[in-house]
Amino acid sequence: MHRMPSHEEEEKESGCCRCGSGKPSDQMVKPTNPDPAQIQRKCTDVLCILLLIACWVVMTGIGVVSIQNGNPRALVSPTDYKGRICGVDHGVVNKPYGYYIDSYLNMVCLDECPSSTQNITGAVSAYEAMICIDDDVEDAYKTATKDDTEYYYGYSNLFNDGTGPCNFELETYTVLYYCIFSPTATVPNIKGVDFPDEGESILKIADVDDESMSSNAFMEFVQDVITTRNYIFGFGFAVAFLTSFFYSWLMTKGMIHLLVWVCIMMSEALMLALGAYMYYTGTEWESDDEASTHSDTEINGMKGLGIAFLSVAGLFFCFICCNCSKIRKCCNLVQTAGQAVRDVPITVFFPIIQTGGLVIFMVPWMYYMVAANAQGKYVDTTVSATSTTNSTNEVWEWEDTDQYYNTFLMFSYFWTSQFITALGQLVMALTFAKWYFTEDPPVDTDAAAVGCCRKCWCGVPHAYRGNGLFFSALKAGLWYHAGTAAAGSLIIAIIKTIRYLISKVQYYCEKSTSGAAKRIAQVVLCCIQCCLYCVEKCMKFINKHAYIITAVKGLGFCAAAVDAFWLIARNITMIASMTLIQEFVMIIGKIAIVSATGASSYIVMEEVFDDTEVNSYVGPVLFVMVLAYFIADMFMVTYSMAIDTVMHCYIADKEMYGSETKGAFCTRPGCSHLAKISELIKNTAAEDKVVEDDSETTSPIN
């Protein structure tokens, strides 16, 4: 067999990338360090992490320039009925908040949003008690006295069921610079009110329109959520986490085999039934009785779809028959991955840290993006104050956004967001690779002296499979391999930026072209987008496996990507089987976790609350299920990475250590955590020997 060069020889001969070496038949070569859990790592792809830092510096520079030449408030601030930007334009510079006046969403600018509803006492006129569009209010309302009853108490006319020039001063809360009406705000009941009663007859704002039930339903939903909030968050987070771990425990107890084979049989039966039904329907349409209602195109299309589904069902059946043994192996690997997740449960929470990192980046980035799209300047405009004098006002005039700034900011977002994702994949791959290649800790006095808290968070001085692995993996990922994550994410960011530019071209073609040219442009650009989407998905797949190779062997991105590509090529059927099983496990897992959490929350809340406290349990249960879905998705992301890493470690173990005297790592006495896959190495070795003997005795046909 061809001998692969050692790790040092690879770098010496081909540099850090080694992008051109490797063959599908080449086996993985073990690192020079005999202990696979203690790879001698060094910083990889340093240039890429420096480029990412430079990208952040340039992004900050663009943001500073954009802020100096733009006004972000002009982009997010409301506009009043005259078209003036609140808090920006002349006349409303000191009034940054917008208050809705009528159902047409006309606004006036205020210095602050009302914090409470203004009661009607009759002490002031209707005009003075309400917030109005002054230009649309008759002078009679402005100058009315108590003797002018029609105008002084003209609330109904000024409000006019939400279409008049005035609105009541209602309780609001602030969102950016907008005054949003509080759901519990009240408006005066004008019909038949006796104003000397100081306006005590009031209705909720949600009840103003008696014919509208949607607002009432929304208010009931909000009330139910507030009432059951403790149970919503308790079940949506804590119970969902416990259910996720229970699901992974079931997967290690043999349920995975039942789940996978049931899903396979159901998928096969569904495709067969669908294909047979479509073909049967097509033949029925072809009969004399139905011929008048269906065209030949419809009949042939229905029969063609039926044949297509039947063909797919046949190919799927052949694939399953040819890969039964590999599916069984993959089930064992999934069981082992579930054990890994439960041994290092803190990895499940790592996506929360990633989300926090993305939020930290998004805060300045969004401000820079708003500033870049709010370019303009103040322009003096002259208006006639009287017949003999003029006055000069300053108004904000928009300028075109610098497209280079906009594109670079989008590129920096794509790169950073993908870098955070890649770094998370790399850290989890390091964690589970360390877990795989760590033998059982020896039981001695030193190990026993370590407290349980330190064991949980930091590990013990000896080999250890617990949360301590995550922290050592996090350190290794950030210190040694952040550049590798930056290199892989750079490729995805470039593809996404190209797709972003293509989408802008699509937008401009949609606006500026017509006729045949428009349709041709749409088809061509849509095809380009589809191709780029496929390329992006393929690169994400290769990147994910490259990060696992980096975790196992400590290689840089290019070398790891090449190794990952050839490893996939050598084990394509097994990886295809694993992908199939992984999808089954992920989909069924999400459905099971969300359904179990929602059902348990309904049962408990129905017992705790009575009908007078909760209007309907539908809203709270749906809220619980939404939270449970995010928890399930977060858990399944970790579980998926554990499955892929364990699979890679199994293949690497077989290729790198299978020929040693000790045998493959998972077959050694100190690897009780790998008991479910230790037999796979032995069975694979026996199968390879049979295949090798058959190939030696088989002669080519002349």
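Just so it is clear, glycine is given a Cβ too, placed from its N, Cα and C backbone atoms.
According to TrEMBL, the feature compositional bias 'Basic and acidic residues' maps to 1-15. The feature region 'Disordered' is assigned by TrEMBL to 1-35. The transmembrane segment feature in TrEMBL is assigned to 46-67, 231-251, 258-280, 305-325, 346-368, 478-495, 547-568, 580-605, 617-637.
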Residue numbers, six or more beyond the limits of the transmembrane segment (46-67), whose CB comes under 8 Å of its CB atoms: 364-365, 367-368, 371-372, 374-375, 405, 408-409, 411-412, 415-416, 419, 482-484, 486-487, 490, 557
Non-local residues, at least 6 beyond the ends, that sit with Cβ under 8 Å of the transmembrane segment (580-605): 228, 231-232, 235-236, 239-240, 243-244, 247, 251, 256, 259-260, 263-264, 327, 330-331, 334, 614, 617, 620-622, 624-625, 628-629, 631-633, 635-636, 639-640, 643-644
Long-range environment of the transmembrane segment (617-637) - Cβ separation under 8 angstroms, sequence gap at least 6: 220-221, 224-225, 228, 231-233, 235-237, 239-241, 243-244, 248, 348, 351-352, 586, 589-590, 593-595, 597-598, 601-602, 605-606
